[in-house]
Structures are given as C-alpha cells and as structure tokens.
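> Got a structure here, written out as structure tokens. Questions coming.
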Amino acid sequence: MALSFRSPGAGRAMRLPRRPRLLIPVTIALAAIVVLLLIFDGIYTDFLWFDSVNFSSVFSTMLLTQILLFVVGAVLMVGIVGGNMVVAHRTRPMFGPGMFGTPQGADRYRMALDPHRRLVFAVGMGVLALFTGSSIAGQWKTWMLFANSSSFGQKDPQFHLDVSFFMFTFPFLRMVLNFLFTAIVLSIVAAAIVHYLYGGFRIQSPGGVRATRAARSHLSVLLGVFLLLKAAAYWLDRYQLVFSDRGFVYGASYTDVNAVLPAKGILAGIALICALIFFLGVIRPGGMWPGVAFGLMVLSAILIGTVYPALVEQFQVKPNQQGKEEPYIKRNIDETRKAYGVDDAKIVPYQAQGSPQQGQAATDDTVSGVRLLDPALVAKTFQQKQRIRGFYDFADPLDVDRYKDADGNVRDHVVAVRELTGPPPEQDNWINRHLVYTHGYGFVAAPGNEVDSEGLPAFDSKDMPVDGSLVTQTGLKEPRIYFGEGGSDYVIVGGSASNPQELDYPTSGGTGQTNNAYTGTGGVPVGSFFNRLLYAVKYGEKNLLLSGDINSRSRILYDRDPAQRVAKVAPFLNLDSDPYPAVVDGRVVWIIDAYTTANEFPYSESKSYSAMVRDTATDPRAIAPQPRDQINYIRNSVKATVDAYDGTVKLYEWDSQDPVLKSWEKAFPGIIQPQSAMSPELKEHLRYPEDLFKVQRDVLSRYHITDARSFYSGQDFWNVPDDPSSGEKNIKQPPYYLSVKMPGSQSSFSLTTTFVPRQGPNLAAFMAVNATPGGGYGQLEILRMPASTTIAGPGQVQNTFTNRFSGELNVLGLGKAQILYGNLLTLPFAGGLVYVEPVYVQTAAGAGQEPYPILRRVLVMFGDKVGSADTLKDALAQVFGDQEVPAAPANPSAPQTPANVPQLAGLIDQAQKAYDDAQAALSANPPDWAAYGKAQDQLKQALNALNEAQTKQPSAPATPQPSASPSATPPAATPSPSASPPGG
C-alpha cells in the first residue's frame with residue numbers, strides 16, 4: 001500500500017459551482033476547435049494555391065519536413081527535460097524536511113504545487129514542445145541542405161575540407177549542438193528545482209548546500225554531459241574560424257590559425273577531462289573534485305581562450321601586420337572572388353584618348369543609337385500619355401529591354417505594362433474592387449533612342465486596344481494583365497460568359513467600356529460551397545458566400561505579384577528587385593532573376609545584400625525582402641517567368657554547376673526545368689541581372705586587386721560614384737543597360753557602371769558585362785584608366801555640363817518649368833570615353849493635369865570637348881565633327897561686349913514669349929496642342945539662336961536672366977554637384 005504524507009488540509013481545495021465548472025472546459029474546447037479550424041483553413045487554402053500553379057510537391061515536401069522536424073524536436077526536448085524532471089521526482093527522499101513538522105521554505109511551494117503536479121507538468125511540457133518544435137521546424141532549410149548536400153569540388157585553404165562541409169554540414173551540426181545545449185541547460189535548471197522542492201538538497205546557513213546522494217549524482221551527470229557538449233563545441237569552433245572577422249580581412253587570420261586554433265583544441269581536451277571528473281563524482285560522491293573541475297574550466301577559458309590570443313594579436317601581429325597577415329589576405333582575396341563569381345573578370349588597361357582615333361568615330365555607330373529615355377524620368381510621361389484613365393498606372397521606374405524593329409535591327413526599348421490601381425474612390429465597393437476592376441491591359445513600349453517632334457517617347461506599342469509596330473512585330477495576342485506588380489488584392493474572375501462584368505478597357509461610345517470574362521486556367525475554382533466557405537474564412541468576407549455573381553465558372557486569383565509567386569514556390573531563392581515584363585510567344589510574361597545565396601563560404605567577405613544593391617534607382621523600401629541579408633556567396637542559378645494572364649510560374653535552371661542549386665534540386669525534384677526547355681524567344685529577352693551586377697561591382701571596388709600587399713595598402717581601392725544627375729550625396733549611381741561596344745568586341749546589350757578612386761572624383765575604371773545570352777554572356781570586363789592621366793569622372797562631367805551650358809538651360813527653365821537631368825551614360829568610344837546626358841524640361845501643369853518631363857537637349861562630352869543640341873546627332877557632330885567647341889570662359893562673370901548684349905537680350909525675350917505662349921496653350925481647357933507645338937518650335941529656334949550667339953562670344957555670359965521673369969529660374973533648374981570640374 002502506498003503511503004502519502006500531506007499536511008492537514010492539503011487535500012481540500014475550493015470547489016467551484018457546477019455550472020462554472022462545466023463552462024470553463026466547454027469554452028476551452030470551443031476555442032481549441034476554432035483555432036484548429038483556422039489552422040486547417042490556412043493550410044488547405046495554401047494547398048489549393050500550390051496545386052493551382054502545379055507546385056503541390058513543394059507544399060507537401062515543406063509541410064511534411066516541418067511536421068517531422070516539429071515532432072522530432074518536440075519529442076526529444078520533452079523527453080530530455082521531462083525525463084530529468086521525472087528522475088528528480090522519483091529519487092526524492094521519502095521523508096523530506098517538513099514532513100512531520102511546520103512547513104518552511106520550499107515545503108510551502110511543494111505543498112501548494114503537489115495537488116496540481118501532473119497538470120503543471122503537462123502544461124509546461126506542452127508549452128516547451130510547442131516552442132521547441134516551432135523553432136526546429138523553422139530551420140527546415142538547414143536540414144534539407146544537409147540531407148541533400150552536393151559537393152563543391154573545391155577545398156578550403158585551412159582545413160582542406162570540401163566547401164560543402166562549411167555550406168551544408170557545419171550549419172546543421174551547429175543547429176544540433178545548440179538544441180542539445182538548450183535541452184541540457186533546461187534539464188539542469190528543471191532538475192535542480194524539483195530536487196529543491198522535494199528535499200533533494202537544501203540551502204542552509206550556516207553550512208551551505210546539503211544534498212542527497214541521488215540529487216548530487218543526478219546533477220553531476222547533467223553537468224558532465226554539459227561539459228561533453230562544451231568539448232564538442234570547442235572542437236567545432238575550430239571550423240568556425242574560417243568565418244572570423246578578427247583579422248584585417250574576413251576569414252582565419254594569423255592569430256586565429258596560430259593562437260585560437262590550438263587553444264580551441266586544448267580547451268576541448270580540458271572540457272573532456274572536467275566532464276570525466278563530474279562523472280566520477282557519481283561513483284565517488286563527496287570531495288571537492290567537481291568544484292576544482294568547474295574552476296579549471298572557467299580559468300582555462302579565460303587564459304587560453306581569451307588572454308593568450310589577445311597577447312599574440314597585440315605583440316606579434318600588430319607590430320608587423322602586413323607581413324603576418326599577407327598569406328591570409330591572399331586567401332580572402334581568392335575565395336571572395338570565387339564566391340561572388342568575379343574570379344574571371346578581365347581587367348584591360350585603357351588609355352582613354354582625349355581625341356578620337358582616326359576613322360573610329362565615323363564607323364562606330366554604338367553611340368548614335370544610345371538610349372536617351374531615362375526610365376526613372378519618363379515614367380511620368382508614360383503615365384500622362386498612356387495611362388488613358390486615372391485608375392491605371394505604370395511602374396516607376398520603367399524597365400529596359402530590347403526588341404527587333406521591322407528591319408530586324410535590335411533596339412533598346414523602355415517598356416511597361418498598364419496595371420490597375422483599383423476602382424475610383426467614389427466607386428470603391430466590394431463588387432467593383434474584386435469582381436469588376438480585376439486586371440490591367442496593355443504593353444507600352446518606346447525605342448530608347450528616339451523621340452517625336454515634341455520630345456515625347458515615340459511609342460511603338462501603345463493605346464487600348466494595343467496598337468503599334470511592335471505589337472505586330474512581336475505578335476502580341478494577349479495584352480491582359482491579371483498578374484502584375486500592382487496586384488496586391490484578390491479578385492474573382494470568370495463568372496458569366498454571356499454577361500461579363502470584368503472591365504477590359506474603356507471606350508468612347510456605348511456603355512463607355514468593354515467587358516471581359518476570364519477564360520484562363522489560373523487561380524483556384526470557387527464554384528463549390530466548400531471552397532467559397534474556405535476563402536470567406538481566409539479573408540473574413542461574407543460576400544464570398546453570399547454574392548450571386550460567383551458561379552461554377554468563377555476562380556479566385558490571389559498572391560498575384562510575380563515576385564511573390566516565385567518566392568512562394570521557391571522559398572529557397574533570393575529574388576532580384578526588378579522583375580520586368582516582356583512579350584514572349586505572343587503573351588506578356590514577367591521575367592525574374594533568382595539567386596542562391598549563402599553566408600558560409602570559407603574566407604569569403606561577408607557583406608549586406610541590401611546595402612550593396614541600394615542606389616538612386618532603388619527605393620530601400622522596394623528592395624525585395626530576402627531570406628538573408630548578410631551574404632558571402634551568390635549565383636544567378638535560376639531564371640523564373642510568370643505569365644501575366646494565367647499566373648503560370650516556371651523555373652529554369654540557369655547555372656547548372658551551382659552546388660547549392662543542385663542540393664535544392666535534390667530536395668525538390670522536378671520543379672526546376674532545364675535551360676533547354678526555354679523557348680528561343682524567351683532567351684532573346686533574358687539579361688544579366690541588375691542586383692547581381694550591383695553586388696559584383698561592390699566587391700570588385702576592392703577585390704579587383706589580387707596582390708595581398710597592394711590590397712593591404714588600399715591605395716587603389718575604388719568607389720561607385722554618387723549619382724551626379726540626382727544631386728544627392730552618398731547614394732550610388734545605378735548601373736545602366738546599354739548597347740556597348742567594348743574594345744576588340746562587337747556591340748552587345750550590356751550592363752555598365754563606372755568607378756572613381758576612394759579619394760578623388762576622377763574616373764578610375766569603366767566596367768561592363770555582356771548581358772545578352774549566348775557567347776560571352778556574363779563576362780565582366782573592366783577598362784582601367786591610366787594612373788598618370790586624369791580622366792573626368794561622372795561628377796566632374798556633370799559640373800562641366802552645368803557650368804558650360806547654364807545659359808541655354810536656364811532659358812529652358814523659364815517660368816515654372818523645371819530642368820531635370822537624365823541618366824549620365826558612359827561609353828567607350830573611338831579610343832576614349834564619351835559621356836551622354838539627356839536633359840528634360842518639366843513644365844507647369846494645366847488645370848487637372850500633372851507635370852511630366854519632355855526631352856529637350858542632349859549633352860555630350862569626349863575628352864575636353866563638349867556639345868549641346870536638340871538631338872544626339874547634332875550634339876555628336878559638335879564634338880566629333882569639324883566644328884570646334886569653344887573653350888570655357890576664363891572669367892564667367894566678365895561683361896559682354898556691347899555689340900552683342902542687345903542681340904542676346906532680344907533672343908531671351910523671344911524665348912520667354914515662346915515659353916509663355918506654350919504655357920497658355922497648355923493651360924487651355926482642353927489644351928490647344930497645335931498652338932503648343934507651334935510655341936515649342938519657336939522656343940527651339942530661339943534657343944538655337946541663343947546658343948549660336950553665345951558661342952561667338954569671347955566670354956559667354958554667366959547666367960542670363962530675362963527681365964520679364966527675374967525669379968524664373970528655380971533652384972532645381974541648375975543643380976551643382978559637389979565634384980570639381982576636370983582639372984580642378
């Protein structure tokens with residue numbers, strides 16, 4: 001018969017009335033049922049979504065893996081911690097203190113807890129299981145990479161292990177070790193509490209701690225296991241050194257290799273010895289050996305693990321850092337270049353002649369076809385000219401692609417799709433938002449090097465329904481945009497075919513609009529009551545159940561953003577921040593570059609992804625959220641497409657040699673198609689990804705240096721220049737897609753950037769990568785400027801343009817007009833470098849209109865020669881033709897010769913009158929476009945005459961101000977970048 005020792009009254013407890021006692025469990029049960037139903041709703045609607053895009057295997061693999069990890073983690077944690085609590089309880093003394101006397105200290109807690117012991121234990125273990133299981137399940141990627149790891153075929157320079165150990169195995173071992181540490185620490189704490197509550201040990205004064213043999217043995221074993229884990233951690237820490245940031249560069253340094261590495265081995269051995277001492281305490285209880293072992297471990301960690309490496313660093317390394325660190329810097333250089341894919345970058349010395357080489361300027365047509373439309377500026381022009389209705393919009397900035405014209409010539413284009421922003425505010429209701437305004441319409445494009453007579457883009461794909469030569473050339477058949485970057489809300493499509501209600505595009509007659517009924521296969525069917533109920537719960541919307549407009553043909557489209565769809569079906573990929581639309585095989589598709597990244601490549605420099613890709617073209621808030629920000633390895637392993645009409649997602653293998661991608665392909669077999677599955681037309685629109693290029697240019701600003709001594713001195717490090725056309729400081733100039741002819745190569749669609757020295761504004765290098773799939777794709781080539789010659793950098797060129805042409809540009813900015821500088825493009829040309837910059841004028845808007853920029857001037861500079869004209873051809877002729885550009889005035893504020901002052905003043909008055917006439921025509925309701933065009937022609941003639949008159953002056957006027965408008969030039973009209981002009 002079991003004995004029970006309880007204090008008087010311990011078995012009695014307050015009892016609630018019967019009805020409240022029933023109400024509490026019923027409430028808990030109902031709450032649990034609701035929570036379970038919501039969980040089921042979320043999981044099942046996710047399954048329906050994955051099934052609708054034919055990626056159900058991804059969903060099932062992720063779900064089963066996470067469930068398995070949850071169960072394993074929860075069971076192991078509960079088993080270890082709960083098992084130790086049970087052991088502590090079962091080895092409690094039969095007659096603990098306070099059993100037969102007045103309860104004191106811990107006895108009071110035990111007596112209060114004992115009647116609810118099982119409930120408290122069950123709740124505690126349940127909470128522990130929930131948190132542990134969730135934490136382990138959240139690390140499913142670590143497990144899957146470990147379980148499906150692929151060899152890199154290259155070894156690290158310190159331990160000579162395959163890189164896959166550090167990329168896949170090491171993170172998993174750290175995860176397991178952290179789990180075991182957590183379990184043992186919690187077990188020690190929990191066991192100590194149980195032993196204390198049930199009399200296993202007492203804290204007495206005087207006398208210290210008095211413990212039973214069972215309690216002492218139990219805790220000794222747990223502390224011994226803890227030290228065994230500590231020994232394993234010390235040993236594993238040895239491999240962590242390849243990620244050390246202690247030295248001059250990332251990776252194991254001199255101190256790490258010669259002091260920390262042996263210290264970790266010694267500490268691992270000491271931890272093993274201390275663990276054995278604790279285990280011996282079980283056999284031979286008592287004595288002071290466990291205390292000695294604990295003190296030895298702490299003292300060794302301080303002296304060997306901390307003090308000794310610090311002494312080596314201070315007295316051996318710092319006095320001779322360059323010599324000591326040189327081999328480790330070389331390791332960092334080599335491994336960083338491999339990890340970021342820049343190890344085969346070509347650096348070519350380039351003289352950058354100040355005068356064009358004979359014959360080259362006449363035969364090289366690359367510059368004459370350079371893109372003048374700035375995607376960031378003409379977005380407003382696209383909106384005003386092609387938005388058609390206020391509920392449509394275009395992405396800002398626009399995208400750059402290339403298309404063939406009627407003659408088969410490939411031309412750079414600025415492109416966008418017309419997307420819906422939702423119903424007008426006065427018509428914003430559930431039916432309009434989700435059943436009527438369901439999709440955008442149209443692909444809009446304009447050649448990058450062409451404008452019409454008014455300075456507006458010469459659209460070759462436009463209007464609603466779509467029209468233009470590019471539409472015919474590409475065979476565009478399906479211009480509807482159900483899936484796009486503006487598709488943040490769910491829509492229900494299909495419905496009645498005989499009475500369609502989806503707005504297709506507005507018309508001028510009849511009902512004022514053309515309607516459409518969706519016939520695609522995208523989305524999830526919601527014809528059944530069950531599916532409608534599921535989505536009504538998911539979105540908390542009763543209309544999904546009650547609406548009579550939803551029938552058996554209806555489908556719900558959600559998660560419609562292309563990047564969001566790719567991220568969902570391939571959560572192991574990082575995505576480029578610039579998805580772009582293209583017409584492929586008669587349909588609009590979104591093309592998205594996807595990356596495999598890691599932060600575990602040995603010796604490779606770790607950097608912030610978001611910091612590397614940020615520039616003036618990238619809003620930090622628009623940078624796609626990535627699974628990780630710190631990276632030291634990246635590959636463009638996958639090209640993804642999303643059909644704009646039916647939302648079909650396709651993933652194509654692009655880098656078949658990437659071991660990280662190979663591992664994910666093992667984990668998710670069949671979801672990534674081979675590159676051979678791409679259609680030829682799709683390949684024509686692929687390009688080198690912009691974010692990857694930004695990452696690589698950031699790396700190459702330092703790692704173009706391959707000599708360790710030169711790298712240590714840092715004298716030849718570069719910077720990406722600030723964007724001179726923006727007027728903002730400390731924000732990098734974005735790279736530009738251009739057709740470029742590198743020395744010794746054919747012209748190709750490329751991505752380009754420039755570098756300046758760390759301590760100067762002049763040009764240090766020009767870099768381009770062949771962005772066209774095929775031979776040479778992805779080849780990084782750097783033209784290095786001579787150190788003995790000063791070549792003007794972007795900031796200096798911008799200053800030269802601003803100072804040299806301030807007079808004529810200020811006339812363009814008369815009244816409330818604003819001068820906007822477009823992207824400052826740099827190209828190798830005729831043995832030197834040519835800079836091209838479009839200048840836009842954004843005039844004040846009329847009533848009910850928004851201002852938008854119009855291309856008005858093109859500025860060109862080659863060497864010390866500059867040109868400014870209405871067209872690129874004329875500006876190039878000024879620089880490369882027979883006409884000599886006059887030198888900059890020695891004294892800009894010198895007075896004009898009396899003979900020419902009246903002429904200039906008269907021309908300024910003519911320009912002012914033409915501008916006023918243009919503004920009056922624009923402000924009319926409706927605008928008088930004929931009068932506006934005539935006034936613009938008159939303004940153009942006046943500006944040309946003014947420019948000609950200025951060039952004949954021995955010293956040009958500083959900034960002529962027409963008397964009719966003394967405050968007509970706003971500060972924004974002539975931004976002055978801080979960089980010095982050439983030679984300054």
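Glycine is treated like the rest: Cβ placed from N, Cα and C.
Note that TrEMBL annotation is computational and uncurated.
It should be emphasised that the depicted structure is a prediction, and the values quoted were computed from it without experimental measurement.
Below, the features straight out of TrEMBL:
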- 953-967: compositional bias 'Low complexity' (COMPBIAS)
- 968-984: compositional bias 'Pro residues' (COMPBIAS)
- 945-984: region 'Disordered' (REGION)
- 22-43: transmembrane segment (TRANSMEM)
- 63-87: transmembrane segment (TRANSMEM)
- 119-140: transmembrane segment (TRANSMEM)
- 175-198: transmembrane segment (TRANSMEM)
- 219-236: transmembrane segment (TRANSMEM)
- 265-283: transmembrane segment (TRANSMEM)
- 290-311: transmembrane segment (TRANSMEM)
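Are these features on the surface or tucked inside, and what are their neighbours?
Long-range Cβ contacts of the transmembrane segment (63-87) within its own chain (Cβ-Cβ under 8 Å, at least 6 residues beyond either end) map to 43, 121, 125, 128-130, 132-140, 143-144, 179, 182-184, 186-187, 190-191, 194, 218, 222.
Residues 73, 76-77, 80-81, 84-85, 87-89, 92-93, 96, 106, 109-110, 113, 128, 132, 136, 139, 142-143, 211-212, 215, 218-219, 222-223, 225-226, 229, 232-233, 236 of the same chain, all 6+ positions outside the transmembrane segment (175-198), place their C-beta atoms under 8 angstroms from a C-beta of that stretch.
Counting only same-chain residues 6+ beyond the ends of the transmembrane segment (219-236), those with a CB under 8 A from a CB of the stretch are 84, 170, 173-174, 177, 180-181, 184-185, 187-188, 191-192, 195, 211, 264-265, 267-269, 271-272, 274-279, 281-282, 290, 293-294, 297.
Panel annotation: around the transmembrane segment (265-283), residues 216-217, 220-221, 223-225, 227-228, 230-232, 234-235, 238, 289-290, 292-294, 296-297, 300-301, 304-305 of the same chain, lying at least six beyond its termini, place a Cβ under 8 Å from a Cβ of the stretch.
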> Can you work out which residues elsewhere in the same chain, 6+ from the ends of the transmembrane segment (119-140), have a Cβ less than 8 Å from its Cβ atoms?
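Counting only partners 6 or more residues beyond its ends, the transmembrane segment (119-140) has Cβ contacts under 8 Å with 62, 65-67, 69-75, 77-78, 81-82, 85, 113, 175, 179, 182, 186.
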